[in-house]
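Take a look at the structure below.
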Amino acid sequence: VVRRHLLQRYEHQPFISCLAGFYSCRWKRYQRQRTEPGKCCCKMVNQLKTSTDMAFCFSLVFLYMWSEGKNDYNNFDWYNYGNTGFWFLWSLVILILAAIFFTYISLLLVLAMCLLAEGQQLYLHWSHKIGTFLVLGFSVACLFSVTVLWGQHWKTVRLSFQITAPYLHIGAIAIMVLLSWPLALHAFRADKKVIQVIIIGPYLAILLFLFLIPLGMYSPCIREMGTLGPKPALIGHRGAPMLAPENTEMSFQKTIEHGGDGLETDVTISYDGVPFLMHDNTLKRTTNIKEVYPNDTDQNAALFSWDTLEKLNAGTWFLKDKPFSFMGSLSKADQNQAKNQSIYKLSNFLRLADSHNKLVIFDLYRPPEKHPYRNLWISRTLEVILKESRIRPHLVLWLNNNMRSFVQSVAPGFQHTIGSKKPVEDLLKNNIVKLNLVYTEMSSEDIRKYAESNITTNLYVVNEPWLFSLAWCCGAHSVTTNAVHLLKNVSQPLFLMTPQQYNIMWILTDLTSVFLISLIFAL
């Protein structure tokens, strides 16, 4: 009893006490059991390879996937808005939770490895067991939900490997070097040769695999000097929606101020035949219709007359909801200007683009049934373009595929664009000069093939610098983006290097890791 009291009072192993205290809540020496490393290594490793490392793996995969998906956070939040009816930055909340959970489970694993290295038996406290299962449940549920509801997001992850793979390779090698310390300690203190082989064999096999991975690695940003094409042109997606309310005059002016090369928008036709800019089917997200006409919030935007539409405010929602996670703050003058934005007419939009020599591309929505312009939507839009706005035809990238032959006969000067990949022969036959593709269909081989026939490629929607860099390296001629103000500052692709530079980085990484691992095993 006296000895136990003294051990409770005087602790001579503060490092181990902290490790065991945080991991097992066993702060006193008599509460712990020591085991020589290697003697029951298999038992301890089996304890480690349970829910904790499963939670670590799943949380790592989800954190990487979600952080690389930042480009599409706005789409994810918009999807949730369509299902819940109110706007909230769910994407940012999920990112913060994923980072917290991954950090927590990583610290648990570090504590476990340190305890194993000190020959301590592992005992995970019940509170950490709950936390581990919480992390595991959260990560698995999120991965499953994203796969089912947003499966195309995995295409973004695969694209990201073309940029991050060389650096993930270095990170994996660094982790293997760190793991060599506790692994060597247990291997050389093991009492049987079989146990040593079981420990060291898989480790060396994984290490050899990592050493050879670069042989099959591909990245368009690893290329010879002088082979990089010009920087892609920037087309503002609904203007500059991170700086101003989307599809408003202020938004397009901001794009022009920041040097955008073109303007993208969405066109709907009012009940009395006035084409105006609106992306959603209803007006409730981007106007104050709830306040002005509360009984008509769910009505199709095309069923309102222009006199009604021009009375609505199209800017106050932007300051209230803040549609982007990392949009920054606006100046007082910009806030006041945003508050006074209204729904923008197509004719005014075209005049603005023409006066600044900017390309225009737009999605044209067909009015619903029983709409007076249900069957006249193409001709009415052409009338506004050719007669009312008088924009120079070569600035118009005509995207709509309905009645294309008629449009080509009426407006031969348009740059006809299509939204899907087709054989080159078919595109040339239909006088298509540009492809407008979602960025997940990015392929340097296809882009080069189309370019050889003078067919350029535009990718949408590209917001992140790493994705813009990949599009640049793949040879894209332009991108549609929400972040003209950010991408204009990208002077060269991120992670751009020559094959010689990458080979040097690869060889130095492998040699350094071999030296460090050999040194650790020798000691």
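Sequential numbering from 1, following the chain as shown.
Any Cβ shown, glycine's included, is placed from N, Cα and C.
Whatever TrEMBL says is automated annotation, not expert-curated.
Worth saying up front: this structure is predicted, and the values here are computed from it rather than measured.
If you look up TrEMBL, you'll see 232-491 marked as domain 'GP-PDE'. Along the domain 'GP-PDE' (232-491), the predicted structure has mean pLDDT 95.
Per TrEMBL, the feature transmembrane segment maps to 51-67 (among others).
The transmembrane segment feature in TrEMBL is assigned to 87-118 (among others).
Tertiary neighbourhood of the transmembrane segment (130-151): same-chain residues 51-52, 54-55, 58-59, 61-62, 65-66, 76, 79, 94, 97-98, 101-102, 104-105, 108, 124, selected by CB-CB distance under 8 Å and a gap of 6+ residues from either end. The transmembrane segment annotation in TrEMBL covers 130-151 (among others).
The transmembrane segment annotation in TrEMBL covers 163-185 (among others).
Residues or ranges marked as transmembrane segment by TrEMBL: 197-218 (among others).
Most Cβ pairs under 8 Å with the transmembrane segment (87-118) belong to 51-67, among the candidate stretches 51-67, 163-185, 197-218.
Sequence-remote contacts of a segment are chain residues at least 6 beyond its ends whose Cβ falls under 8 Å from one of its Cβ atoms, and for the transmembrane segment (197-218) they are 41-42, 162, 165-166, 169, 172-173, 176, 179-180, 183, 186-187, 190, 502, 506, 510, 513, 517.
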